[in-house]
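S.K.: Just passing along the structure, written as structure tokens.
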Amino acid sequence: MIGLNYGLGYLVIYPVLISWLAAFLYNITGHNYYDLIVKLFYATFFAVSLYLGRELFASAWNDFKMNWMKILKISSKNYLLSLLVSMVVSATILFMTNQTSSLNQSTLETQLKSTTVMIVLLSTVFAPLMEELFFRGLIYNKLASRFNFLTGAMISAILFGIMHVLPSITSGNFSDIPFALQYIVIGFFIARSYHQADSLAAPITFHFIQNTIATILLLLMG
């Protein structure tokens, strides 16, 4: 159910339903309810996902309470390593394409100015919990258990990267594809933190650190 709810629902079906419902209500009432529908959707999806992943989240929380220093150390170390590798990847992308940021990043910067509170919550709470539940809690966990760490880490990281440039690809903007490499790097080191800590608490903490620092920097620069 976790895979269907996020992989098929959140990434494919739900966005279509939101657009359809907003258009339907607009045709009937003449009012634009899109923003309200999106907020209600995120709240509902978040609640349902917390319920579906309650056992994994409970285990992660218990692990964090018992070994918070170890988990924080592992997460921070992998975050710094991913930052260093990402800088090299970013420089390479800039050199080859003359592009400085992806559509995902540009959209986030724009939305942060208009809906600050919502974007901060989505970046620092929603994304670390929901994305880690799916990409590491489900995909990485199953693949690493069946095969090995590297297989689970690479496949989950590649899917993580594709997910972050999927809106660009579906809209025909293929110039964003190289930026998937940045997210693949991040996804790999997130999986590495899971492997080292043997707990979902580590990737959630990594993701929280990553997004919180990025959000703070965007707010300061904005």
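Residue positions begin at 1 at the first shown residue.
The backbone N, Cα and C atoms fix where each Cβ goes, and this holds for glycine too.
Any TrEMBL annotation is an automated prediction that lacks curation.
Positions annotated as domain 'CAAX prenyl protease 2/Lysostaphin resistance protein A-like' by TrEMBL: 115-213. What TrEMBL records for 7-28, 40-57, 78-96, 116-135, 147-165, 177-194, 201-221 is transmembrane segment.
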S.K.: Can you tell me which of 40-57, 147-165, 201-221 gets the most C-beta pairs within less than 8 Å of the transmembrane segment (177-194)?
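M.R.: Top-ranked stretch among 40-57, 147-165, 201-221: 147-165.
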S.K.: What same-chain residues lie close to the transmembrane segment (40-57): Cβ under 8 Å, and 6 or more beyond its ends?
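M.R.: Distant Cβ neighbours of the transmembrane segment (40-57) are 1-2, 5-6, 9-10, 14, 18, 122, 126, 129-130, 133, 137, 200.
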S.K.: Mind tallying the domain 'CAAX prenyl protease 2/Lysostaphin resistance protein A-like' (115-213) by DSSP state, helix then strand then coil?
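M.R.: Computed counts for the domain 'CAAX prenyl protease 2/Lysostaphin resistance protein A-like' (115-213) are 90 helix, 0 strand, 9 coil.
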S.K.: Quick test of the contact rule: Cβ under 8 Å, at least six residues beyond the ends. What residues does that give for the transmembrane segment (201-221)?
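M.R.: Cβ under 8 Å, 6 or more out: 60-61, 63-64, 67, 71-72, 74-76, 78-79, 82, 108-109, 112, 116, 119-120, 123-124, 127-129, 131-132, 136, 186, 189-191, 193-194.
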